[in-house]
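Engineer: First, the structure itself, so that you have it in front of you.
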Amino acid sequence: MTLQESDKFATKAIHAGEHVDVHGSVIEPISLSTTFKQSSPANPIGTYEYSRSQNPNRENLERAVAALENAQYGLAFSSGSATTATILQSLPQGSHAVSIGDVYGGTHRYFTKVANAHGVETSFTNDLLNDLPQLIKENTKLVWIETPTNPTLKVTDIQKVADLIKKHAAGQDVILVVDNTFLSPYISNPLNFGADIVVHSATKYINGHSDVVLGVLATNNKPLYERLQFLQNAIGAIPSPFDAWLTHRGLKTLHLRVRQAALSANKIAEFLAADKENVVAVNYPGLKTHPNYDVVLKQHRDALGGGMISFRIKGGAEAASKFASSTRLFTLAESLGGIESLLEVPAVMTHGGIPKEAREASGVFDDLVRISVGIEDTDDLLEDIKQALKQATN
């Protein structure tokens, strides 16, 4: 079946990347073969030679992700971190990068512990729009943003960042990368606002079932795609056919899962924001009080805030730990974006490797709790939050 330009997101989610099977199977088979027959030397029968280079299941997933991000090209990797590593590996030695300070701990670790050892220097800022013109240098090759950020849910105007890069005298060779993991392609499409590459830890919302580790990227820049595709094959950090198949299956219900999680998260965030007795502050893009709500209205489908919330609890680190250990439906675990609700304390978990001073400068305090709202009943989740707050603050 050929998709039409008028087809909506749900239709694309179900049918993009659809396979053609000689047996007529409705759901694509899993192609586990590592190698493919050739009719004569260097003359493959089909389009595949060796599964590290390409595999039917991976290709179908890549095409599907590209379609949902309004992109021409997609690539899949063995993890979100492998996606990040491959992009940074594409930069010339001696390059400079700019990143928001409030970034996923694993990304911060790669910038500071790996990329710098290979000749890529990174400048971090907590005020990107104001600082970017001064931070871009002659050797700057990349700007990296998350929006919303992990875990404080700051929202960045992607178009403004893209415009700043274009206007800068040294901006012509700078690529803008946006990590869209927290929202998924259902809520936002960064390429529409000037990003050069959009990346996801597909482990999270795209797969959505907490049973696959996988990363993806999408782009409309052909030379950039060809360079990254070369590195994908050369480095070999690719997902297995089964993981690609599982992720593609999860993607088909993305719109249903993400919308439900976002609707529940909005109600939970409103409750937390009203609880002045137990809660210091709430970070959630769907709240009209969010400092960048005007950007949310522009960049997010239906002004949805997504399924991620963070909040500071009264009582400090001890209260945060007690709250995280007192929930019934929210499982204390790292990761996010699955059908089940999760929570964590970033200061000692996902962001524990970031120095305290840098962490707190980005708003990640010891009393911060991050929750990933799943698709359980909204009222049940609210009751769980209420009882855990009571236990933690009394």
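Note: Cβ is positioned from N, Cα and C throughout, glycine not excepted.
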Engineer: According to Swiss-Prot, phosphoserine sits on which of SER79, SER90, SER95, SER362?
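Structural biologist: Swiss-Prot records phosphoserine at SER362.
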Engineer: Which residues of the same chain, at least 6 positions away in sequence, have a Cβ lying under 8 Å from the Cβ of GLU334 (substrate binding site)?
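Structural biologist: In sequence order, the residues whose Cβ lies under 8 Å from that of GLU334 (substrate binding site) (at least 6 apart) are LEU342, GLU344, MET349, THR350.
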Engineer: Please report how many Å separate the Cα atom of TYR104 (substrate binding site) from that of SER362 (phosphoserine), as a whole number.
Structural biologist: 11
Engineer: With LYS204 (N6-(pyridoxal phosphate)lysine) as the reference Cα, tell me which of the recorded positions ARG52, ARG109, SER362 is the closest one.
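Structural biologist: The answer is ARG109.
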Engineer: If one measures from the C-alpha of ARG109 (substrate binding site) to the C-alpha of SER362 (phosphoserine), what distance in angstrom results, rounded to a whole number?
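Structural biologist: That comes out at 15 Å between the alpha carbons.
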Engineer: Going by DSSP, is ARG52 (substrate binding site) part of a helix, a strand, or coil?
Structural biologist: coil
